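Peer 1: Below you'll find the structure I mean.
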Amino acid sequence: MPSDLPKFSPPHLLVRPSMLPFALLLAVATILLQSRPAVANVAPISGFRVPIRRIPRLRPSLSTGNVLTTDVAINNRNEFTYLVSVSVGGQELSVILDTGSSDFWVVSAQCSTSDCNGITKYIADRSSSLTLSDKNFKLSYLTGSVTVFGTVVTFTCFSIAYSTPALANRTQGLDLSSAGNSGILGLSFSSIAAISLADGNTLLDNIFSNFDEPDRFFAFKLGRGSGPDDVTSSFTIGELDETISSDLASFSFTTVSKAGADSFNYWKLPLQSLTIDNTTFSLSPSLVPGSKSPVAVLDTGTTLILGPTRDVEAFWRSADQDATRRNDMSGLWEIRCDRGISVSFSLGEKGNERAFPIDPGDINWEEGGSEAGWCIGGIQANDGVNSGDWLLGDVFLRNVYVTHHSANSTHQPLIGLLSMTDPLISMSQFRKERGPEQSQSTTPWTRQHIHKEASPMNVLVCN
């Protein structure tokens, strides 16, 4: 951990996070912007936790935001979306948290496309704090007209005045209704925001401006629990969730990489190597200009781990050629459902990297293969990662507790990682659910229907 990292004071409020899987579209949107008044905090507190809901959904693709220049389509796969509720101008809306984009937008009452059917929309006439604008702008993953306005945004008991959410009057291909979400809240750096700083700060920057420097961070843990309230997940701003960790000193910190860009754009860090069944797997050189190591982007808006085609093919071939295959129809890698492999990612600067194990159930999805006995691999090929080589989505993020720190007077932006997966325990659980490997048994693999009870947490949330 860097010696210049400010000390962390214990939190007083707790909450749980959200992470998203969602579709990437490269379309154009017109945005109307307004000049921004000064940010005002209506109800200042030193840290807060945001409750989330875990919603199953069927999506046509596995990414949202701006991180990928090409999409990865997986049809009819069972996935989950993690939603938080925010109050925008006094109206409650459910949105997805996305660390792969920076803008905050919600669907307006004017949206009549099929995407918007059955979801809660923002009704401008009901907001007394609404201030519309008349400037044009473009947003890269929406289609149609978007209006940006100034109003009050509230998370539980924390309010920000005059933020810059956009009203989307038309969307296409985002499949919003499948999970009931009304928009996206981007949590990446302002340099990739569609709304320029001259027209308004990002919501994250507005929030951080109300915190002391040591508390300008957010943390999340993507859980595995089921039900409308996922007690195994957590999302906090300005504090840690003490039910997971109360000490920043236990995290492994890395300065955010600026490789391939003039300024900080995504939450990315060096990836030194992969380990498969205790054997180190070498990676091809980074294609990001100026980077000595492959660059990994952390993105809650992507479900899978995505990497260069060459490396991903070599990964699955080295894992077990008899138990892995590439489906020529879908282009996806599949693995025998009973094959458990131990995988870890070594992240951080060379010499200070740390290995983070991945649950074998994340590498080997329990469903979705093209035929009985075959499952979808959690690592897939994509050569279109924007400003990086690898994209570490929910498959990776379920295995860590992550903190994201903004730059301050003592350090550059930081990523803190704390491992949440014990490789021995997770492999034991995998064997209980999948049974012995086929080489050890002549009985074909069938899905084990095991009901898991989520452990309740005693937490304090803003009233």
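The backbone N, Cα and C atoms fix where each Cβ goes, and this holds for glycine too.
Note: TrEMBL annotation is automatic and uncurated.
Below, the features straight out of TrEMBL:
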ACT_SITE  D98  active site
ACT_SITE  D299  active site
DISULFID  C111-C116  disulfide bond
DOMAIN    82-418  domain 'Peptidase A1'
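Can you tell me where each of these features sits in the structure?
Peer 2: D98 (active site) falls within a strand segment according to DSSP.
Following the DSSP three-state reduction, the secondary structure of D299 (active site) is coil.
Cβ neighbour count for C116 (disulfide bond): 23 (other Cβ atoms within 10 Å of its Cβ, all protein chains included).
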Peer 1: Looking at the active-site residues D98, D299, which sits with the largest number of other Cβ atoms within 10 Å of its Cβ?
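Peer 2: The largest 10 Å Cβ neighbour count belongs to D299.
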Peer 1: Looking at the recorded positions C111, C116, D299, which ones sit with their CA no more than 10 Å from the CA of D98 (active site)?
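Peer 2: Matched recorded positions: D299, sequence order.
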Peer 1: Identify, in sequence order, the residues in the chain of C111 (disulfide bond) that are 6 or more apart from it along the sequence and have a CB within less than 8 Å of its CB; answer 'none' if there are none.
Peer 2: K121, A168, N169, R170, T171
Peer 1: Can you give the mean pLDDT for the domain 'Peptidase A1' (82-418), rounded to a whole number?
Peer 2: 86
